[in-house]
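Here the structure is laid out as structure tokens; the discussion comes afterwards.
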Amino acid sequence: MELEKVKINSLHCNDAVLSSLQASPSATHPQSVPSKANAVTEASIIEKTNLQHNVQEDNSYNRDCDSPVSSSSEPEKELDDLRYLHSSSLTNSVVVGKSTGSLNGAYSITSVTSKTKTLEPNSASGSACLTIAPTADHIKKRIPSSRTPTRKALRIKFYRNGDRFYPGITIPVSNERYRSFERLFEDLTRLLEENVKIPGAVRTIYNMCGKKITSLDELEDGQSYVCSCNNENFKKVEYNTGSQPLSNLTLTSSRSNSHRLDKCRPSSPLKNGLLAGSSPLPTCGGGTGNGSPHIASRSSDRVTVVHPRIVTLIRSGTKPRRIMRLLLNKRNSPSFDHVLTAITQVVRLDTGYVRKVFTLSGVSVVRLSDFFGSDDVFFAYGTERINTAEDFKLEAEEHRAINVIRKTMRTTGTTCKGPKPKMPIKSKKVYPPVVDSEAFKAATTPEDDSHAALLTSTGMEINELPSNIRNTYTLGRIIGDGNFAIVFKIKHRQTGHSYALKIIDKNKCKGKEHYIDAEVRVMKKLNHPHIISLILSVDQNTNMYLVLEYVSGGDLFDAITQVTRFSESQSRIMIRHLGAAMTYLHSMGIVHRDIKPENLLVKLDEHGHVLELKLADFGLACEVNDLLYAVCGTPTYVAPEILLEVGYGLKIDVWAAGIILYILLCGFPPFVAPDNQQEPLFDAIISGIYEFPDPYWSDIGDGVRDLIANMLQADPDVRFTSEDILDHPWTIGNQNECTTYKR
């Protein structure tokens, strides 16, 4: 084999060169390796490796997410290469000769034509030769491809917006792992749901200064960021940066936490889960899971203790003291400290944080469960001294303020004076079949003539229908009519499935075309079992055509008219389905703005019992990016903040749902006015005061009354959210817990 000889002036070689030494496979060279030289070399490399390990242990949290190559030190690789050479075949050898040359160690290496090199000392006295293994480049080529360096992932910590107690979650982020910013949002949503309650999907990421992050390239390694759900603004709080070592908050540990905090929910509306009214509810707990004991304990505590509730707070200070209210739920009350933080943000003490809380009788509140017991009025104190003899006594003005609040929360029945209130007039007409069904089946006229007759009755022509609708569906009877639209029942020619065709007349909504565009845009985004699906949309100059899912039972208004009132079990099914639909909408930042019985379609069994409810008619729906001020909706179901024109958001849908639940149980709305006059009706709505009059409510439990009272809060800040409806014990079906409410 051809060998190249390289002359050197010195035997001084650094560790990098010695690590690449290998004997020539040629049989002409003696197979001897000076043990002393090898021992010194290996000892030097081991010492260097140990030193590197000590440094890396101090900074271990920066190495958790590195690739296998990036986390290995150079001395380790040198040592591995040297040991690899030592374990080679017997033909591999290194011969080191003596030299009297200088310490410059200068040498030259020419191109390699063979796999080995021979180095001959410059000094004449050196008779031995030095055979060198392949260069470092050739050694790297022998390293398996799995050790090829990859792009280092960024190790980033994410907090929940506004939650100063949540320790955060740390995950590796790279362009290879997340091809888009939306993919990162999806992963963060999943990870946060495993540890805390969040109101919806992660939509925005901020840095710790509140700057919005718009791409993966803006993320920096080792930095912390804040995840915001829906349209939340950045909340500048002191995030819990020192609660847990960074190395412990890894993606692996978060994924092992299989004890989901929302397992007791009837369904997960964010994941389009079906919520059948007849199916048994899932049980809480169900296994230990792989999460930490702390998380499991916190989850168990929340499941057994925390439920949506409004409490009254008395702020410490000069009498008469300020009195305010706070909505507690699973999102702001996962722990005792979280509740104190929520109280602090509401009462705004001059001394800073709330440190001590007492009941109205002066008992100190020390556990999370104390906030969800029989007491609903609490004193909030900071670091100031407490005068137990005077501070826990209420003045007359304070008594009156608390009684006014309790009046809005009253669930006891009162005797109804006068005749029974009536349901309002239906806000849209429902036509009877234009053609008798039996006569229609037996008609001998051509199909197109029947269609033409139906359309002519509405002022339309058969040729106006889009060809893809006319050729795919057969036209049936008119099933509904609104201010701007008419609805037909249609049937697919091939499958025989029934659908609804909504024809919107653009001439009737001049200047309001944006409502049509918003309806179509919103419905294209939606996919939920309790929301009517959009099958097809066709836009023409004069009309907009929407092919929609058809529900056989008609709307809820007609069902109420037929049965007058529903049982609690039937009402529970409907409010679950409506609550799930609203939660799904609100998680996407969409408000319906026109929830009423006419826009709720029901599916009935052969006995007339409600099996399923679906939300329809998104003509007024819109995306909420800020407070809305447009006055719209139906008078009976409109929320106080709409009438006051102070700005409103998602919770107006909860108010409307509360009105509907009230109607389902007794057959009439809580706010009525003589002869349907709007001014007295609006005054009653703004006051927020209503009754549960006997005998219509005498057989209805306190649990559902409590739910209605929380949904019909005039102050939107303390009104239930759509998720709170689903979390309420009555909705879940825990009757025992419902009976413990005290107002």
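Cβ from N, Cα, C; glycine included.
Residues or ranges marked as region 'Disordered' by Swiss-Prot: 54-78.
Per Swiss-Prot, the feature domain 'Doublecortin 2' maps to 309-392. Helix, strand and coil residue tallies for the domain 'Doublecortin 2' (309-392), in that order: 17 helix, 25 strand, 42 coil [DSSP].
Residues or ranges marked as domain 'Protein kinase' in Swiss-Prot (evidence: sequence analysis): 473-731.
Long-range C-beta contacts of VAL487 (ATP binding site), restricted to its own chain and to partners at least six residues apart, with a cutoff below 8 Å, comprise ILE478, ILE479, GLY480, ASP481, ALA500, LEU501, LYS502, ILE503. Swiss-Prot lists ILE479, GLY480, ASP481, GLY482, ASN483, PHE484, ALA485, ILE486, VAL487, LYS502 with the feature ATP binding site, giving similarity to another entry as the kind of evidence.
In the three-state DSSP scheme, ASP594 (active site, proton acceptor) falls into the coil class. Residues or ranges marked as active site, proton acceptor in Swiss-Prot: ASP594.
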Length of the line joining the Cα atoms of ASP594 (active site, proton acceptor) and ALA485 (ATP binding site), in Å: 16
For the recorded positions ASP481, ASP594, the one whose C-beta sees the most other C-beta atoms within 10 angstroms: ASP594
DSSP state at ASP481 (ATP binding site), helix/strand/coil: strand
Neighbour count (Cβ, 10 Å) for ALA485 (ATP binding site): 21
